[in-house]
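Below is one structure, written out as structure tokens; the observations come after it.
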């Protein structure tokens, strides 16, 4: 114990003698905190953040995160960022609530805090950047189907479960804008429960029940892959277009085979770019994060904040034969 | 070389040159701690700032509190891998009581009680049924966290009362947090229990030779049961602190902590096979792990590099004394 006491005394004396280092930085240090390191999606977001930093010139990006997706790990990372007195923290949170006390502390010390991708509760950040919005997604999924059907035709929806909030909202939003796509008939909505085998069987059922089916819209990354597989196995690749929301890594093969002409999902590069731009603009007082405010995001235009100080970045990004190969290694 | 051990003078270590190795082990840890401190101070201008150092203590205080009880348990030859799951279950129970409208005192009591009950459950399975603790606690690890998942699913308990925040976010004086004070108090308590009481001597005796201890009149099963209770209790204490610090409960809370805690204990010089180890060693190991994590964080070193470093440190600290004794043995052979 004596040794420990000595060590603690030394530490205390050293700490007291020390004056906090003066902050005379010219460059803005923006920390991009992700759910965990080594995930393709976030590595791509970091690429986007670097792109924004290059464009802005006086920005240094600190790309960091815990080794596994835990709130405790992110808190340790954020504590060390607060200690470094960074100018801004942009975080994709592992836990909506657990980060709030730590992020509040960061804001108390004058650090700009925003969340992106996966949000933090309102009191723990200045604004949240959603990759897209429900109306934009709802419109995108039907637009993808309609774009390849100039003469109209029958389409069907393969969703997740009947109780999936996300999918139900998107389908609802899709139905609202159906009037803009004349000639397109949604003949059925079936549920594959986000299970590969059930989705596959449901897609087979759709092809049997509706021989004139021209497209299957699957707004779920599990459903879209299963539907594309079912279409390929039935020898109808090129005849029935499978589209919706999917991951480039899982869909690249089906785009090559022609089972899917195009699909959409958020672009992580744009997301990292936009988050960095927003963090920079808030940290340099070029914009403020309040309801109704419009914050510029460089090449991505600008984001308008709603009453919860949340904003949507853009339409989901469309992947087709021209670009899917570049993204399939990313996520 | 002192081989004149009597019944009352059981060695702290399995190796015969007890005292000297003990000293050198802790000296080694102190040297490492000082080195880490100096390297950190030189490599980052932000390290030697009282508030930053205070923030850094949160990296290890909760885990270290469990590690003290775990150290005693491992010295006795048992282990508890369910500690992190106990934290999750205790936190879930506290969240449940919070939703039912109970205030801070009841929440704390709930956390501690659930911790003790979980410890008792482990203890009964190990001491009454004679099952190996490593298997039992791997089972209860899934069991306790499983219950949390069933209760919470993908939901979270939030909205703890504001006075509850003191345990994990409060400061006693200036930069000295409540958790840090608790850490020091528990370090002292456990050091006294293990090194100054009959219970502590009995724990070493059990770890070195459980059958011998039994024939010496030590109630082995009962003492082991108490140690499981203590480990459960400390997990409950950590659950209160962590829940208070996060202000929310999710079933994934404290995920993976059992390995970090065992690492801390072993790095602190506790023999994983039982029979030896000290609380000051564990305290030093906690400080080293906390400082390394924080120092690397300040330099924005990716977490995986930290894990590699801790792993290497652990292997080095364990291997060094062994290499040392091998070198001594071969030198002795050459002389003979």
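Counting starts with 1 at the first residue shown.
From the backbone N, Cα and C atoms, a Cβ is placed for every residue, glycine too.
TrEMBL lists B:28-48 (among others) with the feature transmembrane segment.
TrEMBL lists B:68-90 (among others) with the feature transmembrane segment. Proximity of distant same-chain residues to the transmembrane segment (B:68-90), defined by a Cβ-Cβ separation under 8 Å and at least 6 residues beyond the stretch ends, is recorded for 110-112, 114-115, 118-119, 122, 126, 133-134, 137-138, 140-145, 147-148, 186-187, 190, 193-194, 200, 203-204, 206-207, 210, 223-224, 227-228, 230-236, 238-240, 242, 251-258, 261-262, 265-266, 268, 270-277, 279, 282.
Here TrEMBL flags B:102-122 (among others) as transmembrane segment.
Nonlocal intrachain contacts for the transmembrane segment (B:129-151), taken as residues 6+ away from its ends with a CB within less than 8 angstroms of a stretch CB, comprise 78-82, 84-86, 88-89, 91-92, 96, 118, 121-122, 251, 253, 258. The feature transmembrane segment is assigned by TrEMBL to B:129-151 (among others).
The transmembrane segment annotation in TrEMBL covers B:171-193 (among others).
Per TrEMBL, the feature transmembrane segment maps to B:225-247 (among others). Beyond its flanks by at least six residues, the transmembrane segment (B:225-247) meets 58, 61-63, 65-66, 68-70, 72-73, 76, 78, 80, 83-84, 86-88, 90-91, 94-95, 107-108, 111-120, 122-124, 126-127, 158, 160, 164-169, 179, 182, 186, 199, 203, 253-254 of its own chain at Cβ-Cβ distances under 8 Å.
According to TrEMBL, the transmembrane segment annotation covers B:253-274 (among others).
Taking Cβ pairs closer than 8 Å, the transmembrane segment (B:281-298) reaches residues 25-26, 29-30, 32-33, 36-37, 39-40, 43-44, 46-47, 52, 55-57, 59-61, 63-64, 67-68, 71, 183, 187, 260, 263-265, 267-270, 305-306, 309-310, 313 in its own chain, all 6 or more past its ends. What TrEMBL records for B:281-298 (among others) is transmembrane segment.
Counting residues 6+ beyond its ends, the transmembrane segment (B:304-324) has Cβ neighbours under 8 Å at 15, 21, 24-25, 28-29, 32, 263, 266-267, 269, 288-289, 292-293, 296-297 in the same chain. Per TrEMBL, the feature transmembrane segment maps to B:304-324 (among others).
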Winner by Cβ pairs under 8 Å against the transmembrane segment (B:253-274), considering only B:28-48, B:102-122, B:171-193 | B:28-48
